[in-house]
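Enquirer: Pulled these from Swiss-Prot:
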- 1-62: region 'Domain I' (REGION)
- 63-141: region 'Domain II' (REGION)
- 142-148: region 'Flexible linker' (REGION)
- 149-203: region 'Domain III' (REGION)
Amino acid sequence: MYEYFLGQVTDVTPGYVVIEVSGIGYKVLTANPYRYQVGPTAVKMYIHQAVSENGMSLFGFFDADEKALFEKLLGVSGIGPKSALAILANNDHAGLIQAINQENATYLTSFPGVGKKTAQQIVLDLKGKLNDLNVDVTGQTALDVDAPAVDGALADALAALEALGYSKADVKKVTKKLETFSQTQGADTNTLLSEGLRLLMKK
């Protein structure tokens with residue numbers, strides 16, 4: 001089993017990144033691919049290896065605590081790797097832990113693939129068991145909102161636009177419109193990225 005990879009990111013896509021280690025390129029699924037940038041600088045990516053009847057998949061994480069949170073979610077009945085990854089894509093891990101501790105089912109059921117029964121199971125299995133994880137809040141907390149914050153998704157979309165070759169100045173010109181769009185639509189990273197591309201192509 002892998003603990004982490006240390007290598008260069010050679011490709012970034014909406015669903016995964018490719019990291020090259022000792023001349024071998026690994027396809028790694030990650031919640032927020034645009035957190036990474038293609039370049040010669042070596043990055044450390046924590047890895048969870050999942051084996052199923054469909055083959056082997058690698059899931060990547062920014063640090064050990066994010067990986068630990070993912071693996072805790074996997075221990076909940078009804079949560080598979082892709083569902084756990086979708087939950088982490090919100091980018092507000094402290095808000096997630098707070099929601100679990102407060103039994104905030106409305107917050108939890110807003111994630112893809114999480115129904116009321118699964119939300120209750122998450123609370124039952126994980127309440128009070130995640131407080132030792134060192135995670136940061138990148139958006140609003142569960143106290144402030146009944147649905148996941150869009151701040152993390154917006155940041156990822158803006159980073160993605162720059163990764164696609166748009167200048168910081170061009171991206172800055174559409175940031176305000178994307179902020180408004182995200183607040184009214186509650187959009188995820190891919191939706192915000194598509195809207196950003198549409199706005200930039202109009203210029």
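Each Cβ is built from the backbone N, Cα and C atoms, and glycine gets one as well.
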Enquirer: Where does the mean pLDDT land for the region 'Domain I' (1-62)?
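Expert: Across the residues of the region 'Domain I' (1-62) the model's pLDDT averages 92 on the 0 to 100 scale.
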Enquirer: Summarise the region 'Domain II' (63-141) by DSSP state, stating how many residues are helix, strand and coil.
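Expert: Each residue of the region 'Domain II' (63-141) counted once, the result is 43 helix, 2 strand, 34 coil.
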